[in-house]
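*Asks:* Following this message is one structure expressed as structure tokens.
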Amino acid sequence: MFIDTAKIFVKSGKGGDGSISFRREKYIAFGGPDGGDGGKGGNVVLVVDPNMTTLLDFTYKRKYKAEPGGNGAGSKCFGKNGKDLHIKVPMGTIVKDAETDKIMADLSKPEDSYVVAKGGRGGKGNCRFTTPTRQAPDFAEPGMPEEERWIKLELKLLADVGLIGFPNVGKSTLLSVVSKARPKIANYHFTTLKPNLGVVSIEGVSNFVIADIPGIIEGASEGVGLGLDFLRHVERTRVLIHVIDISSVEGRDPYDDFLKINEELKRYNVKLYGRPQIIAANKSDMLFDEEKFEEFKTKVEKHGYNKVFKISAATKQGVDDLMKEAARLLSTIPVTDLEISEEDRFIEEEKRFTYSIRKEDNTYIVEGSFVDRLLNAVNVNDPDDLRYFHKVLKNKGVMEELMEMGIEDGDVVRLNDFEFDFLL
């Protein structure tokens, strides 16, 4: 079964907590602090598997969690790092943040990988906080929290050439003739319900991959038929072969078909509409009025499409010349990565030292992940801990920001449940 979209939940490992420990050995009166650091939590990493061709595996398992880091211990023992969790995805997978729909990564090469959830850093043990004036710190850092998010995976097939056109115009037949692909072929609409890939080999020319893109009809860019499901697969192609039924056996006008398909491309993606396009007037073996082809060709050329081939996939007439032109055109177009605009790109927030300050009456409230982490690390009833607490607030710019906001002596500063009076 071909599945090209999936939504999964990923969660990295939490960092291990630092240890609060003091050396206790016979004949050593003042052993000092010896609490070790916590281990780093495991990452969740998406890695490309060139042998995968579908996202089917993610319909059976949707939640993935990496291993947490181990806690530190006495004797300066460091916690064990959590193992990274590697999730295999097909080549050509786009990774999106499910909440914002922003693009996090484009995994389009065999060696590509992406850390989709970073493991938390291990907390420092109390031996890390010794100074000449603080020789017995009784606090340690907790491990950094894990990252968790829902992500969307979208598979965009990696093909050099895309076959587009209305249903039943002969795209699958053409694919089967020029490659070893064996798509389902029948005389009714939507015979092809998934994109099919084939490799075209031309003597003296490097091979290229061609894809039969099904389901593009009028209104496809707005979700009619199967269009939206498969239009994404055209995005990576460098050349489009627009297959037209020149015989009009189904009663449609070839030129009208040409205009409608191009209008759908334009509505879906303007850059896709501007991609090099070769017109393949198929089913010429059923065309009994040669003037009809010439009339169609003249109209199409007025739109700037000068490569119009009269072919018959059934009899292979003109097919070789069509493929040679596709190969020639490909040789002039460099392979480029999928363009991701700044508007669509996901930007990872720095969560370690984030905080915000707001004022309510004469109380200044400091909130954020930085505050939670700091309060978990210190004992506010211990004078040494309080001095360290004040130093961190000063170093991270909290005190300076409070003064810029106009704080005065005696005003209350609140961090979660802890309050203190501000003194200049």
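Placed from the backbone N, Cα and C atoms, the Cβ positions cover glycine too.
According to Swiss-Prot, the feature GTP binding site maps to 165-172, 190-194, 212-215, 282-285, 312-314, an assignment based on sequence analysis. Annotation comment: Swiss-Prot describes Ser172, Thr192 as Mg(2+) binding site, evidence class sequence analysis. Feature annotation from Swiss-Prot assigns domain 'Obg' to 1-158. Summarising the annotation, Swiss-Prot assigns domain 'OBG-type G' to 159-331. Under the heading domain 'OCT', Swiss-Prot lists 345-424, citing sequence analysis as support.
Give me the local environment of each listed feature.
*Replies:* All protein chains included, Gly165 (GTP binding site) registers 26 other Cβ atoms within 10 Å of its own Cβ.
For Ser172 (Mg(2+) binding site), other Cβ atoms within 10 Å of its Cβ number 24.
Mean pLDDT of the predicted structure over the domain 'OCT' (345-424): 81.
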*Asks:* To the nearest whole angstrom, what is the C-alpha distance linking Ser312 (GTP binding site) and Ser172 (Mg(2+) binding site)?
*Replies:* 12
*Asks:* By Cβ count within 10 Å, point out the most packed of the binding-site residues listed: Asn168, Pro214, Lys283.
*Replies:* Pro214
*Asks:* Determine the Cβ neighbour count for Ser312 (GTP binding site): the number of other Cβ atoms within 10 Å of its Cβ.
*Replies:* 22
*Asks:* Within the domain 'OCT' (345-424), how many residues are helix, strand or coil going by DSSP?
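*Replies:* The counts are 29 helix, 19 strand, 32 coil.
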*Asks:* List the Cα distance (Å, whole number) between Pro214 (GTP binding site) and Ser172 (Mg(2+) binding site).
*Replies:* 9
*Asks:* Give me the Cα-Cα distance between Ser172 (Mg(2+) binding site) and Gly165 (GTP binding site), rounded to a whole Å.
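*Replies:* Spelling it out, the Cα of Ser172 (Mg(2+) binding site) and the Cα of Gly165 (GTP binding site) are 11 Å apart.
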